[in-house]
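Here is the structure we will look at, set down as C-alpha cells.
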Ligand code: SAM
Ligand code: SF4
C-alpha cells in the first residue's frame, strides 16, 4: 500500500510545462503523493525546467544547490529534475549534482511512477528517451476532483521547424499530435470538473494533425461540448495557419478572438537566416486575412532582437512591421546562443546594441499595448472569473481578449462568466463593472 507523501514541484517556462507538472503530480498521486507548496516539508522535489532562456542549466544547478541542507536534514528526500534541461543535460546532472536522484525528460513522464520507485529504492533513476509508446495514453487517468475554470490541454508536442536559434526540436523531439478522440475525452473530463475554458497547447499547435480537419476540425468538435464556453490555442507558426483555421476564427463563437502568432523579426534577410521560412510580407498578408475573418482579434507575438548578423536596418524593419500590425501584447527577447543550434556558431551582435534594440522595441510594443487597452474602455466584454481580487468583493478574470479584468462583484463566484463594461485601463490590466450593475 502506498504511503502518504508530499510532493513539491517547481515549474519554469512555458504553459506546456505547467500542464506537464499537473500531469506529473497526478501520476505521482498514485504513489501516495499529495502536493505541497513549499520544499521544506516535501518528500520529493521536482524541478520542471525550461531550456529556452540563457544559462538555463546553470540556474538549475544553483537552485539544486539550495536543497543541500534539506537533504542533509532528511536523507529520504528524493530530488528530481524534469523538463527540457533534464533532456539536454541528461546524466551530466547527476554527475554535477549528486543530490539528484531522478532525471526525466519531457517525453517520459508516463514512466515517472516507476522511476520514483527506483529512486526510493536507492537507485539513480534516469530516463531521457523519446519512447515509441504514446506518453499521454500511458499516463494514469486524470482525477475527478473539481478544479478551477481554466485549463491547459496539450494536443501536440515537438517541432520539425528547426528555427536556427531554437532548442525545442532537440529537447522536445519531432512533432507528434494526440488523436482527437483522446483530446475530446480529456476535454469532456475537464468540463465535468468545472472547467469552462480550455487552452490547447503545442510547441507548434496549429501543425496539429490528430484530426482529419486539422486544428480547425478539433476546435469545431470541442465547441460542441456543452459547458465548455471558451477555446484558445497556443503557440502557432505563421506557416501552419491554414484556410480552415483562419475561417474558424470567424465561424466558431467559442474560439476566442486572441492569437499568439510569433514572427520573430521584420527583416527578410534575418528571417531567412533564422530559417523561419516566411517573409515579413507573407506574415502581414496572413494577418490581413485573419483580421478579415475576425476583425476584433487581438494579436500577440514573440520577437528576437540582435540575432547574429542583424543590422540597424534589419532592426528598423522589425519596428516597421510592429508599427504596421499593432499588437495587443508581445514577448521580446535578446538573442542568446543555445549550444547545438546553428545560430550559436555565428558572429554575435554586441550586448550594448542588443540592449538598445530591445529597449526601443519594448517601448513601441508597450505603447501599442496601452493604445489597444485604452480602446477597450467603454466596451462590453465577457469575463470568466478565476479568483478573488485583492479588494473586498472584487473578482478578477480574463476577457475574450485575454486581458485581466478587475470587477467589483461581491456576489459572484469563481467560474462565473459575466458581461462586464470596461471602465478603465491600467498598465497591465483593465477595470470593469458588471453590466447588470450599470
Ligand atoms: N513555437 C513558437 C514559435 O514558433 O515561435 C515558440 C517557441 S519558443 C518556446 C518561445 C520564444 O522564445 C520564441 O518564439 C522566441 O521568440 C524565443 N526564443 C527561442 N529561442 C531563443 C533564443 N535562442 N534567444 C532568444 N529568444 C529565443
Ligand atoms: Fe522553436 Fe517555434 Fe521555431 Fe519550432 S517553430 S524551432 S518551437 S521557434
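Cβ from N, Cα, C; glycine included.
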**Asked** Which of these, 50, 159, does TrEMBL list as part of the [4Fe-4S] cluster 1 site with 14, 84?
**Response** 50
**Item:** Conformational class of residue 163 ([4Fe-4S] cluster 2 binding site) under the three-state DSSP mapping
**Value:** coil
**Complete:** For residue 50 ([4Fe-4S] cluster 1 binding site), the closest of the binding-site residues by C-alpha position, picking from 159, 163, 166, is 166
**Request:** Check the binding-site residues 50, 84, 166 for any whose Cβ is under 6 angstroms from an atom of ligand 1, and report them in sequence order.
**Result:** 166
**Asked** What is the number of other Cβ atoms found within 10 Å of the Cβ of residue 14 ([4Fe-4S] cluster 1 binding site)?
**Response** 19
